[in-house]
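Read the structure below first, then the notes.
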Amino acid sequence: MIIARTVRELQEAKKELNGSIGFVPTMGALHQGHLSLIQQAKKENDHLIVSIFVNPTQFLEGEDLNAYPRREEADRKICEVAGVDIVFMPEIGQMYEKDELCIGAPAIRGYILEGEKRPGHFDGMLQVVMKLLNLSSATRAYFGKKDAQQLSLITQMVKNYFMDVQIIPCEIIRDEYGLALSSRNVYLNEEEKHRALALSRSLKRATKMVMQGELDVEAIKKEMMQVLSETDRVEYIAIVDRQFKALEKVQIGNTIILVAAWIGKPRLIDNIWI
C-alpha cells in the first residue's frame with residue numbers, strides 16, 4: 001500500500017495502476033461504515049484509492065475543525081488490511097490555493113435542510129469532492145446514503161460538469177441496536193447512545209405507518225416528533241422526493257425521510273429511503 005501525501009506523489013502512484021479505479025473519499029476516523037464502502041469498491045474495481053482529508057472549507061464558523069476526530073495510524077491499518085492500493089492523505093496546502101476558483105451548491109437544493117442549518121457547508125464539500133474525483137481518476141466513487149443530501153448534490157455535480165465517473169450510493173451501516181454509524185458517535189456516552197436510537201426508531205415508525213397505508217406527510221412527522229422527544233433538540237424532520245422537493249404525500253419508491261437532532265455534544269443525522 002502506498003501513502004501519498006502530495007498531489008505529485010498521488011499522480012506518480014497512479015501510473016502503476018491499470019484497469020478500473022474505485023475511490024472512497026473520507027475525512028478519516030474510519031469505522032465499519034467506511035469499511036463497507038471500501039470493501040464494495042475493492043470488489044467492484046481493479047484498484048482502490050482512499051482519501052483521508054479533513055476538509056476545512058466545509059466547517060462553519062463555530063464548528064471546531066480541530067476537534068474532529070483524527071486517528072491516522074489506525075486508519076492506515078484499516079486501509080492496509082482492506083487491500084487499499086493508495087491512501088491519499090494531503091495537507092491543506094496541497095488541496096487549496098489562495099484566491100482560487102470555487103464552485104457552489106445550487107441555490108435551492110444546496111441551502112435547505114443541512115444547507116440551511118450549515119450555510120456554505122455544501123459549497124466546501126462540493127469543491128473538495130470535485131478536486132478529489134479529478135485527482136483520483138476514479139472509474140467509480142462510493143458514498144453512503146446516510147448523507148443523502150450530499151449524495152444528491154454530488155450526483156448532480158458529476159452530471160452538470162460532465163465528469164467521467166460513476167457515483168455509487170451505498171446502504172447505511174448501523175450498529176447492532178440500529179444507530180447509524182458516524183465518526184461523531186465517539187462523542188456519545190452510553191446514556192446518549194441509548195437516546196440517539198430515537199432517530200432510527202422514528203424512521204422505523206414512519207416506515208411502519210407508510211406500510212400500513214398512511215401517506216400524509218404531516219401525520220407521519222407528528223408521530224416521528226413524539227419518538228424524537230428523547231433527543232435534546234430536533235433540528236428538522238423532512239419528507240422529500242429524490243430531488244429533495246418537499247412532499248405532501250409519500251410517494252412509494254421516490255421518497256426520502258430525513259431527520260437531524262442533537263444528542264449531547266454531537267448533531268446526528270439519519271434517513272430512510274422508501
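Glycine too: its Cβ is placed from the backbone N, Cα and C atoms.
According to Swiss-Prot, the feature ATP binding site maps to 27-34, 144-147, ILE173, 181-184. The feature active site, proton donor is assigned by Swiss-Prot to HIS34, with sequence analysis given as support. Annotation source Swiss-Prot lists beta-alanine binding site at GLN58. Positions annotated as (R)-pantoate binding site by Swiss-Prot: GLN58, GLN150.
Feature annotations (Swiss-Prot) mapped to structure.
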{"residue": "MET27", "record": "ATP binding site", "contacts (Cβ under 8 Å, 6+ apart)": "ILE52, PHE53, VAL54, ASN55, TYR68, SER183"}
{"residue": "LEU30", "record": "ATP binding site", "contacts (Cβ under 8 Å, 6+ apart)": "ILE52, ARG71, ALA74, ASP75, ILE78, CYS79"}
{"residue": "GLY33", "record": "ATP binding site", "contacts (Cβ under 8 Å, 6+ apart)": "GLY144, LYS146, ILE172, ILE173, ALA180, LEU181, SER182"}
{"residue": "HIS34", "record": "active site, proton donor", "contacts (Cβ under 8 Å, 6+ apart)": "VAL24, THR26, ILE78"}
{"residue": "GLN58", "record": "beta-alanine binding site", "contacts (Cβ under 8 Å, 6+ apart)": "HIS121, PHE122, ASP123, GLY124, MET125, VAL128"}
{"residue": "LYS145", "record": "ATP binding site", "contacts (Cβ under 8 Å, 6+ apart)": "LEU151, PRO169, CYS170, GLU171, ILE172, ASN271, TRP273"}
{"residue": "GLN150", "record": "(R)-pantoate binding site", "contacts (Cβ under 8 Å, 6+ apart)": "GLU114, PHE122, MET125, PHE143"}
>> Helix, strand or coil by DSSP: which one applies to LEU30 (ATP binding site)?
In response: coil
